[in-house]
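Visitor: Please read through the structure below; I'll follow up with questions.
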């Protein structure tokens, strides 16, 4: 950590609002640097300029944390289901740490090393084997001296506990996020109980990321907060949701939607939706507020602008954005100039422009999870025959 920078717990203990970044895998997939399906982050090694630029855009938009682009960067994931990468997890993790640190040093941002759920856990590998995967990633994060750790995107609290237990050995602050909603994890553990177990495992910051829209995620974190307080424990809380509306999702979230992952654009939240999200998260006591899949820098800028009074600062990117559309006062057309006001954007009901489309979908909801034969992972590529059986 650069001299003079306050650590994550120092900031949260002081009641500061920490703004996270957004969803790198989705953003970089759209830009042509990540393959949908494996969703692995080898671009940190193969195309560092793409990752560096996205970090810079989030920093300019107001992010206080540069999370390493290490989602699914474990060796078992990099070689899962036919991937034939000539890049090791260590190479990806090291490159990601260097990029995050480089950009964090350009502003008042911290570097968070991240680990996520593993194919090994889904395949019922032992606790020792799964923890060894996390330890291998942690070794790189310690070598690169990241500022704190994030265990994120866990569907099962048991695996998240294992990750926290490994990461806390670093002596650095540990945050833990489940990719669950109000219904709990994939084995039926309640959302509140998940949080209690993560705090007991050693996490100082708990919350949720991905799989659900902002308001659903805020509701889930509120349930976590209530349960942790009822248990007589203390923690800070974070939320990093999707930038997609998901009112029709079930327990497993947006991956069950028929639009996942290539038809989700009609569901994207507007910047004004993000204002409402930031305010709601703040009001329930969440102080680490960021985003996950679908979040672009302008979404994070909206979060930073909504909480500008509480934070005492506007992001650099606001130089090119008038609050509540004020910049439209400079538009050449009078009817567009008339939209330069808050009430217009707060009351707008955006149309999709798709006459034959329903407002909601029917999730597929297979209802299978760790331990089911359908989820056993392997190194070999999925055959066309097996792919057809999945239909």
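Backbone N, Cα and C define each Cβ position, glycine as well.
Model, not experiment: these values are computed from the prediction.
As annotated by TrEMBL, domain 'Hcy-binding' applies to 6-307. The annotation Zn(2+) binding site is assigned in TrEMBL to 210, 292, 293.
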Visitor: For the Zn(2+) site given as 210, 292, 293, which other residues of the same chain have their Cβ within 8 Å of the site's Cβ centre?
Guide: 23, 26, 153, 179, 209, 211, 240, 241, 242, 291, 294, 295
Visitor: Using Cβ-Cβ distances, find the residues under 8 Å from residue 292 (Zn(2+) binding site) that belong to the same chain and are at least 6 apart in sequence, listing them in sequence order.
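Guide: Expected: 22, 23, 209, 210, 240, 241, 242, 243.
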Visitor: Need one number: mean pLDDT over the domain 'Hcy-binding' (6-307).
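Guide: Mean pLDDT across the domain 'Hcy-binding' (6-307) comes out at 97.
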Visitor: Let me check the 10 A CB neighbour count of residue 210 (Zn(2+) binding site). How many other CB atoms are there?
Guide: 28
Visitor: Among all the protein chains here, how many other CB atoms are within 10 A of the CB of residue 293 (Zn(2+) binding site)?
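Guide: For residue 293 (Zn(2+) binding site), the 10 Å Cβ neighbour count is 28.
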